[in-house]
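Everything below concerns the one structure shown next.
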Amino acid sequence: MGARNSVLRGKKADELEKIRLRPGGKKKYRLKHIVWAANELDRFGLAESLLESKEGCQKILTVLDPLVPTGSENLKSLFNTVCVIWCIHAEEKAKDTEEAKQKVQRHLVAETKTTEKMPSTSRPTAPPSGNGGNFPVQQVAGNYTHVPLSPRTLNAWVKLVEEKKFGAEVVPGFQALSEGCTPYDINQMLNCVGDHQAAMQIIREIINEEAADWDAQHPIPGPLPAGQLREPRGSDIAGTTSTVEEQIQWMFRPQNPVPVGSIYRRWIQIGLQKCVRMYNPTNILDIKQGPKEPFQSYVDRFYKSLRAEQTDPAVKNWMTQTLLVQNANPDCKLVLKGLGINPTLEEMLTACQGVGGPGQKARLMAEALKEAMAPAPIPFAAAQQRRTIKCWNCGKEGHSARQCRAPRRQGCWKCGKAGHIMAKCPERQAGFLRVGPMGKEAPQFPCGPNPAGADTNSTPDRPSRGPTREVHAAREKAERAEREAIQRSDRGLPAARETRDTMQRDDRGLAAPQFSLWKRPVVTAHVEGQPVEVLLDTGADDSIVAGVELGSNYSPKIVGGIGGFINTKEYKNVEIRVLNKRVRATIMTGDTPINIFGRNILTALGMSLNLPVAKIEPIKIMLKPGKDGPKLRQWPLTKEKIEALKEICEKMEREGQLEEAPPTNPYNTPTFAIKKKDKNKWRMLIDFRELNKVTQDFTEIQLGIPHPAGLAKKKRITVLDVGDAYFSIPLHEDFRQYTAFTLPSINNAEPGKRYIYKVSPQGWKGSPAIFQYTMRQVLEPFRKANPDIILIQYMDDILIASDRTDLEHDRVVLQLKELLNGLGFSTPDEKFQKDPPYQWMGYELWPTKWKLQRIQLPQKEVWTVNDIQKLVGVLNWAAQIYPGIKTRNLCRLIRGKMTLTEEVQWTELAEAELEENKIILSQEQEGCYYQEEKELEATVQKDQDNQWTYKIHQGGKILKVGKYAKVKNTHTNGVRLLAQVVQKIGKEALVIWGRIPKFHLPVERDTWEQWWDNYWQVTWIPDWDFISTPPLVRLVFNLVKDPILGAETFYTDGSCNKQSREGKAGYITDRGRDKVRLLEQTTNQQAELEAFAMAVTDSGPKANIIVDSQYVMGIVAGQPTESESKIVNQIIEEMIKKEAIYVAWVPAHKGIGGNQEVDHLVSQGIRQVLFLEKIEPAQEEHEKYHSNVKELSHKFGLPKLVARQIVNTCTQCQQKGEAIHGQVNAELGTWQMDCTHLEGKIIIVAVHVASGFIEAEVIPQESGRQTALFLLKLASRWPITHLHTDNGANFTSQEVKMVAWWIGIEQSFGVPYNPQSQGVVEAMNHHLKNQISRIREQANTVETIVLMAVHCMNFKRRGGIGDMTPAERLINMVTAEQEIQFLQAKNSKLQNFRVYFREGRDQLWKGPGELLWKGDGAVIVKVGADIKIIPRRKAKIIKDYGGRQEMDSGSNLEGAREDGEVA
């Protein structure tokens, strides 16, 4: 310490302690900074004695100056300290560090006569290589010369490596020492390292790799002129094949300089970083602060690991700002988050000093109380009781024993008794056991001591003085007086009773104001007429409020609480009005975080703390009508199972879940036992299949399991489990008898013991639905009281997530546990998860990510069908986060009808697929949580095996992935499959997130629109973007719509004999060529395909092919990309080779040109030629109205093939394909309405959902008034009971709502792109615009053409339900509805009559029977299960009047009746 003590002495040391560390800061320099600087100098090979003089400090600054821009924080601090010491030695006055640096800078500029400024240490910037004053390459007289490295620099480098042993400090140390060096100098530094040859070898390998990459990227340009400097190779940069002079020339030549020194330094840094990672394998993500570890120690470890990270400065800066705070312990994290955004390291270290001590915790609690005042106040525990102040030391009033000046007396300062101290005084305990009556007979306020009588310090069940009997007698007397007073006020003041009734929250047996603990009990009180918000705190002895002026008649008091001691003013006999009751009590005013009423006022108000026990009401369950319970015999069981079942039943009986069945119970269900997963314990199972058949049906309330990707990102998560979930739900008493079962005995040694369930049993079909319903009812108040909490409940698994503090989050979890425990649900501690990772629903959750729990694929020698099914199930489960999982070939192993135990023979493709899946599963994948404010996106990709994969993400964060490989058709088209994939993703997104994502599809827009022309039903697909990730979905061949001029035309045909299965396929061309092939074991369709394949194979690059097979035309027009048919795949391969191909269809056997010739060629005139009439009138009809296929077929009697060909040959109708009609499940009165736009006009469209009938017209503006007028027109023409629209402003306007109310229309609204929304009218808008485009030239104005198009669509378009036009279908539905209503009305009248009748010669009257129908000559009567036809003359019809029936004695009873009823 000698040298260190001699650095600054006497006045110089005093001057040091006057200089501030920061401008305007409080901290100043101390001698410890000098000691630290002396230690740091040794690291740089500098003697600490240099600090003793001005010249020595100047030498230090000269060495440190070039290292500051790229140096560490320690280096900058050392530089700053030396600047301050220099100023003291030079007798330069400096107030702080910055001023000292400025003075040093001016001095250095004056001495070196240069304008260069000292680098700033606050924001390091890397200087360009070669710009400095102390570098090995220096400019002398305009020439660059090389100065070898000094021994001090080499010694500092060797010492750094030896001390740190390739720690994280080696990389920045090398950067600083090698700044401006040539490769020669860097090799000299590496050669100085004697040990650590393994690390040196790693560096050499990195150098070789980088040199090879350099050579590959910079090829030799060719021979150079004599005397010209060559370009450096990789070995030149490494210094092995180049001289120092060449290196300097490359670095500093005027044109195209190559900084070989900087490049070589970067290579070495890569190698050093690799060595650091090898010598220090700790990941920075694993650097976390221990519970009791000082924050400074944690920061040291963090930065040491940070230096070893191989990443750019931006990422390191992010790690510093994020991970340093995130991985701190909870105490430090709470402090750091209070510092705001991006605090400095010094601020962090200062704030976290002493974290964890009692003082810091008290400060945190006080601050938390103050922060919580605005949103929701939290209780503040007041100090010790000081109501009736009497000194137990001297016996005088007016002061306490603490303030007494008399000599101390032994004993308790609270009660004055000996044997204990005040902290353990029994009088300080608060008892809240209720003595008074509970229920509806209770008074307005719960019973308690009389505020004017009993001492408010005493508790209801523990007297402070006097015998217990006297206290209880006084309490009962006060209670009787209070009840009588309230009863008198009720009799005299009805308003008082009404006011009290309104204050009661619900009827749970306590007729008094009740405060739910779902939130803090805060009420408004008036203190001497001044309103204040106060917290009712049963844990506080005194009452303290702030902001109230009560005058000067007070006594000063000091009370203690969580936040420390508070100076207060105590006022006695203050009038307080709260909850419509007035009392006088003692209250204090002071600087309290929250206003509280303690027990002194609560007791005076007559309040008490009660715990009402809630009860789950059982739900009434019945058997199906006419069914009885199960009566099955118990099958034999092994002795081991019987003993296990006996033990289980005895335990369940003790816990109240079972009870013995009475001997009168006739029902029984077999029971048995199986081993649990651990193979040590048994599980009781009961075969409730028979009981499930006869039990009434239930509805599953929760249809699916929640997905972690749908959870919002929260800071804190807790997972808990409801133990014995079903066994916590009581079973209705009337149903318990049906759950009876019997425990048999060995050898029938004794009668079996019979039990019935008192709770919902496992295996019974009603347990899940009842449990779900009950849990929803239980948790509903909790959800409403905590809207910021995410509560996910699926069966017995509960997840709670929030952004609250640890304390608040744990408090909410504790409230939930207490709620469940209070209702009889257990929450076992072994399944309570407070710290990540959380095991939940098969997932592994973390606060910022989620994963699947570990997936282990089975390893088997012999695989059965059941094993493959389980394997595929596991892989499908993994596919939600592991992209690339495939199961197609595995599923093919178990195609067909196979038993579960049948052995499976593996194929090579299936084995390869399984191995590929194993590789995918070996790489762990993570998912992220949903952020509602960000856009939801879905990216779809297609692999080479026609399997589709997709990921749903928000930016770069993946929420989940999935796959799709369903191929429903033999011949598939990639675009059609893509539409199916989008539909699946859309449905999945609606279920999980309730919104449709934006799609990124691997298809070109032209390809999509070309296919969409024929399959326009996919127009509901929302916004999508094209992505160029191969393989793209393409239409593989160019199918043109018009005949190709100059190309050869092929007419194809095929035929087959159904008996012999022999056939022919062939073609004939317009150029005289023909070809026929004999086929065996074929079909007509196969023969047609063979003929088409022959034509495609034998044709040139362009061809016209005419077919008469609708089957072939349908396959080719669909443009399949692959097929399971060998012939179709051959056709696809051949058509890909064609430049263009035109395919058309003509009706078979119509005598059409080459088609007739090829028909004779392949069938030799066997077929009969039919000529169809009325083709021309049908074509004229279509050209005028553009009718659809079914309308032409119906009106002109044409086959559908011919009618479809007429439509297909129409250029306008060919723009969009024929609609694929489906059945819409809709009521008669349901309409959908929407507005669309055309040519700048607004068209309002209404569609009858069930029939497709359309009403449309042009409106001047899209307003509520115009929409309401159109709705009135619509309602005046057609029956309408339900109108469905989107949520546009015109449809949600008051005018439309008023019209809907006046007419009696139920109005509902949908959302865009929802398949269950306004899809019918959206599609009809599309139809209407297409129809208008076909006939647009027939009218001038939009108003006219809209009405003409509506006429065509309603009367000229046939198809759908009933093969009718929309107008016919709507009228048919209206008339059918009227007829049904008439018949139902008539049948309901007939049901009011009974028939007595005679049969044959039997003179006895029989009956009564139920009248089904009454005709002119006979009636139809139902008697029991028989239906009889009785002549009118043998039947007597009477009306059923309930309890009185009159016989019809004459035919006049069937005519006019007094009540007007006629049978």
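One is the number of the first residue shown, and numbering goes on along the chain from there.
Note: Cβ is positioned from N, Cα and C throughout, glycine not excepted.
The average pLDDT computed over the DNA-binding region (1393-1440) stands at 83. The DNA-binding region annotation in Swiss-Prot covers 1393-1440, and the record cites sequence analysis as its basis.
Taking all protein chains in view, 25 other C-beta atoms sit within 10 angstroms of the C-beta of Asp537 (active site, for protease activity). Secondary structure from DSSP puts Asp537 (active site, for protease activity) in coil. Per Swiss-Prot, the feature active site, for protease activity maps to Asp537; the stated evidence is sequence analysis.
The annotation Mg(2+) 2 binding site is assigned in Swiss-Prot to Asp1053, Glu1088, Asp1108, Asp1159.
As annotated by Swiss-Prot, compositional bias 'Basic and acidic residues' applies to 462-508.
As annotated by Swiss-Prot, domain 'Peptidase A2' applies to 532-601.
If you look up Swiss-Prot, you'll see 655-845 marked as domain 'Reverse transcriptase'.
Residue counts for the domain 'RNase H type-1' (1044-1167) under DSSP (helix as H, G, I; strand as E, B; rest coil) come to 45 helix, 36 strand, 43 coil. What Swiss-Prot records for 1044-1167 is domain 'RNase H type-1'.
Marked as domain 'Integrase catalytic' by Swiss-Prot: 1223-1374.
Look at Swiss-Prot and you will find Gly2 tagged as N-myristoyl glycine, backed by similarity to another entry.
The region 'Interaction with human PPIA/CYPA and NUP153' feature in Swiss-Prot is assigned to 191-228; the stated evidence is similarity to another entry.
Per Swiss-Prot, the feature region 'RT 'primer grip'' maps to 838-846. Same-chain residues lying 6+ beyond the ends of the region 'RT 'primer grip'' (838-846) with a Cβ under 8 Å from its Cβ atoms: 705-706, 708, 717-719, 794, 797, 799, 852-853, 877.
Annotated pair Glu1088 (Mg(2+) 2 binding site) and Asp537 (active site, for protease activity), C-alpha to C-alpha distance, rounded: 90 Å. The two recorded residues, Asp1053 (Mg(2+) 2 binding site) and Asp537 (active site, for protease activity), have Cα atoms 95 Å apart.
Its Cβ placed at the centre, Asp1108 (Mg(2+) 2 binding site) has 24 other Cβ atoms within 10 Å. Counting other Cβ atoms within 10 Å of each Cβ, the lowest count among the binding-site residues Asp1053, Glu1088 belongs to Glu1088.
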